[in-house]
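Trainee: Attaching a single structure in structure tokens format; questions to follow.
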Ligand code: AMP
């Protein structure tokens, strides 16, 4: 063991669990690719100002959680705490919004960094898959993204992910609601920091997790009662589309994203098996963000799903597959001639799409059979002097223990057939 450890709040993805993480990412990505979302990858760090503007100066992320440093060249850069600002920056930089059909549909998968207090499900280095549809305002698009996330969770075998849904109104109705909420909040018994938040970012007070705050919010004005006609119709349509697609949801008038450029649809996916860090994913519409970054009007919607917490949710539901076989076929040569033969055989198997491995470094029969078992392989190929004299190898089913000779020139077709 080395004296070095992974930094606090981080962990290594190592086998066998690393396979589950890869699978979660791949299932999420595959689900959105079915709807035409294309892969985008942006740098792990950006100009600090991008996140200050794109995430918002009044958020915890910007105030407390960013990994910000000055480069050798004197620039202030920040490790990305989330994906949306970077993706939008990349789209605007490449003029993608002018290049073709709108919306531009993109997805990403990568590492994100927040200097948070680590606990189960909350890390300083974590992993998200995100999807963004940029440049269209259409209830079907909001519904599409929500349905895709639901389908991704389902494809992973999760049954208990709940969807919370809300709308935040738009530039017409939100300011009226915001003022009404501020009036209500100013009359409450709240600490200094929360009072400051009322002036800066009143919607976020609704999100306060403390019981003594929540107790005072039961009669707080609700955005649904302030929606303009357009926002109301839009939200009703999103709800109708979800229902028609068989997606259950709970209306949650306290679900907010506290920044002004977030508009209309907002949603969160939660799982009750995770303790306090129950949000497995979330997203919403951000019609005002592009302008804030100096771009044209580009109404957009997106989500980010947390890979780490999705894996924890799968564990909680008992649907996390741990013992994923490393390979299907494992070759155990008993002499040098068999070693040469099998090296050719496993090369050919791999070229035909069958995963295969063998022993390296001259281990004895016992060690080789142990390695075959550990690999999780369905079949072992075993051959020694006597077999090769008869021009056969032994094909052993590692689950049943059954073994039968196979002619050397029939190894590949026999294995292909057995695995099909
Ligand atoms: P957010 O950008 O905060 O809406 O995060 C989207 C999703 O990413 C959340 O629902 C979580 O599943 C995940 N996530 C956010 N922060 C962390 C973290 N510090 N550790 C692990 N997962 C996180």
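Cβ atoms here come from the backbone N, Cα and C positions, even for glycine.
Those TrEMBL annotations? Automatic predictions, nothing curated.
Okay, these came from TrEMBL:
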type	residues	note
DOMAIN	24-325	domain 'Aminoacyl-transfer RNA synthetases class-II family profile'
BINDING	82, 83, 84, 114, 128, 132, 257, 261, 262	L-histidine binding site
Trainee: Around residue 84 (L-histidine binding site), how many other C-beta atoms are within 10 angstroms of its C-beta?
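Mentor: Taking all protein chains shown, residue 84 (L-histidine binding site) has 22 Cβ neighbours within 10 Å.
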Trainee: Give me the mean pLDDT over the domain 'Aminoacyl-transfer RNA synthetases class-II family profile' (24-325), rounded to a whole number.
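Mentor: A mean pLDDT of 94 is what the predicted model shows over the domain 'Aminoacyl-transfer RNA synthetases class-II family profile' (24-325).
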Trainee: Counting only residues 6+ away in sequence within the same chain, which have a CB under 8 Å from the CB of residue 257 (L-histidine binding site)?
Mentor: 168, 203, 266, 284
Trainee: Under 8 Å between C-beta atoms and at least six apart in sequence, can you list the same-chain neighbours of residue 128 (L-histidine binding site), or say none if there are none?
Mentor: 82, 83, 108, 109, 110, 112, 304, 305, 306, 307
Trainee: So which binding-site residues out of 82, 84, 257, 262 are up against ligand 1, CB under 6 A?
Mentor: 82
Trainee: Taking the Cβ of residue 82 (L-histidine binding site) as the centre, how many other Cβ atoms fall within a 10 Å radius?
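Mentor: Looking across every protein chain shown, the total is 18.
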